[in-house]
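These features come from Swiss-Prot:
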type: BINDING; residues: 180, 181, 182, 183, 184, 185, 186, 187; note: ATP binding site
type: SITE; residues: 373; note: site 'Required for activity'
type: REGION; residues: 525-664; note: region 'Disordered'
type: COMPBIAS; residues: 543-588; note: compositional bias 'Basic and acidic residues'
type: COMPBIAS; residues: 589-599; note: compositional bias 'Low complexity'
type: COMPBIAS; residues: 621-639; note: compositional bias 'Basic and acidic residues'
């Protein structure tokens with residue numbers, strides 16, 4: 001009887017045979033023939049642009065690798081030459097350097113691993129941290145969502161800035177342009193919006209294009225100190241980096257934000273700023289010999305920014321309902337909104353917040369021009385309670401600005417106009433908001449309701465800032481007192497009666513602030529201290545400047561208290577005597593010069609003092625007068641007038657002129 005083979009051994013043999021068969025099949029499918037690879041050559045290179053020949057099948061925006069490891073992307077495709085924008089310093093790239101295709105377009109790493117990191121537009125870390133995992137990448141150029149894939153913008157993106165949330169509401173999925181002259185607070189307003197998202201579920205991406213490294217560092221430090229950096233990504237292409245990196249920076253930032261939007265989350269992109277990006281695009285276009293157009297910009301500059309900003313959208317519920325909001329920043333020259341790039345961006349976006357340099361100089365922060373700013377989404381995305389409370393705010397403030405301009409030429413006699421001016425001054429004080437002092441929607445609604453009810457009309461405009469600072473804690477205490485124990489959470493914004501009750505309670509807070517201000521004024525303290533450390537809310541530099549000025553004033557007061565009245569009077573007498581003697585000496589010198597210019601005038605003998613008719617010598621008279629405590633006429637002038645002179649009448653005229661000058 002033949003023995004039966006063991007079952008496990010048979011299974012192992014079958015498995016081994018199958019594995020061997022699969023390997024043989026794989027080897028049979030491998031092409032062992034040599035693979036040809038196209039290699040191009042650099043014809044010339046200058047200013048970060050390399051012109052390459054021999055790569056006819058290159059795709060637009062395809063990554064090319066130079067001999068030595070330098071990378072670039074194809075920017076323009078001509079019949080004979082390809083314009084390649086270098087992404088690294090061009091050291092080592094020379095004529096006849098070999099160039100190879102990679103077959104891949106520009107991509108950037110995307111995913112949760114970027115949160116809290118500072119990277120360049122290619123995803124390379126700039127914060128000294130570990131390299132990023134490139135398991136998931138996205139191309140920097142992506143198509144904008146189609147119309148059928150979009151939904152209406154209906155949710156507010158709270159910025160915490162009262163004038164923006166009340167008058168120019170930004171919705172999730174909206175593109176709102178922040179535009180203004182240099183140093184008017186554009187970046188500060190955008191950073192305040194980022195900082196306020198620390199209480200929301202919004203992922204923030206800040207893109208810096210052509211900015212100074214020190215300015216970018218201040219932005220990052222501000223977000224890390226006041227915001228939620230663990231939900232922020234910083235894409236930095238400073239002014240010192242290659243123009244190619246500056247050009248792809250906003251596209252890379254949008255791709256990073258789209259990763260979260262496509263997964264049903266909400267993202268916010270701040271591009272700082274598109275004016276510098278347009279200048280970089282013009283530079284690259286001129287270097288690649290594209291035909292220039294208006295203001296030397298190429299003809300596709302509008303299309304470049306349009307295809308970038310169209311990627312911001314609110315997706316439909318079928319695609320997850322995520323949103324991507326955009327706050328692009330643009331800079332104007334002397335407030336010229338009709339320039340080429342500003343008009344392009346205004347026509348592309350869904351509204352603009354215009355910052356005025358005159359308002360900024362008048363210490364109104366943020367310096368929003370109410371007449372030129374607009375949000376084309378507006379009330380559709382505004383909270384119903386905030387929309388109801390801010391209904392007449394813009395109209396009242398616009399009328400106040402017009403009345404204020406007219407009242408500069410004369411006084412007001414009409415009581416109604418005076419009431420409008422009073423209301424407008426309170427509105428201006430209310431919308432002047434320090435940095436990093438974000439307000440909740442509940443705070444904004446209660447403030448506006450109290451303003452509409454006239455609770456702020458009786459208070460000084462200087463006390464509006466303390467009211468705004470102390471209101472959140474006051475409302476929290478009120479809500480805690482009105483909420484029963486173990487009660488479920490309550491939506492106070494949906495209860496109009498509760499909001500009215502909270503607005504009425506603001507009057508009690510106003511009385512307390514006024515009483516504190518009066519008590520502090522009696523004690524010689526500034527009224528602004530009633531709100532606590534308000535001076536520090538305007539930024540470190542301004543707070544330090546205020547502290548220095550206060551120290552100087554305090555030192556002056558200390559010196560004034562240390563000097564007694566008797567010492568002050570003695571110092572005054574000494575100073576007046578010194579000034580008088582100096583004036584006497586000047587008058588005598590003038591008289592001597594005039595006498596010296598007279599014809600036939602003899603030079604007086606300066607060795608010995610000249611005797612006076614009835615008195616001591618001139619030196620003794622001078623000594624007696626110098627010891628006196630009050631100024632007297634100079635003895636030298638008297639001696640000159642009484643001494644005999646061969647000129648007679650001429651001498652008398654000269655002496656009379658010197659006496660008149662001395663008396664003056």
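Positions of Cβ are set from backbone N, Cα and C atoms, glycine also.
Given the structure is predicted, the values throughout are model-derived calculations rather than measurements.
Residue 373 (site 'Required for activity') is 18 Å away from residue 183 (ATP binding site) when you measure Cα to Cα. Residue 181 (ATP binding site) sits 14 Å from residue 373 (site 'Required for activity'), taking the Cα positions as reference. In three-state terms derived from DSSP, residue 180 (ATP binding site) belongs to an extended strand segment. Neighbouring residues of the recorded ATP site, listed in sequence order and excluding 180, 181, 182, 183, 184, 185, 186, 187, comprise 331, 355, 357, 360 (Cβ within 8 Å of the Cβ centroid). Annotation for residue 185 (ATP binding site): spatial neighbours 355, 360, 365, 366, 367, criterion Cβ-Cβ under 8 Å with sequence separation of six or more.
Packing around residue 373 (site 'Required for activity') is summarised by its Cβ count: 22 other Cβ atoms lie within 10 angstroms of its Cβ, all protein chains included. Cα spacing between residue 180 (ATP binding site) and residue 373 (site 'Required for activity'): 11 Å, rounded to the nearest whole number.
Of all the Cβ atoms in the protein chains shown, 19 others lie within 10 Å of the Cβ of residue 181 (ATP binding site). It is 17 Å from the Cα atom of residue 187 (ATP binding site) to that of residue 373 (site 'Required for activity').
Counting in whole angstrom, residue 184 (ATP binding site) lies 15 from residue 373 (site 'Required for activity') by their C-alpha atoms. For residue 186 (ATP binding site), the same-chain residues lying six or more positions away in sequence with a CB closer than 8 A to its CB are 178, 179, 180, 272, 273, 329, 331, 355. Here residue 182 (ATP binding site) is positioned 17 angstrom away from residue 373 (site 'Required for activity'), judged by their C-alpha atoms.
Taking the binding-site residues 184, 187 in turn and counting surrounding C-beta atoms within 10 angstroms, the largest count is reached at 184.
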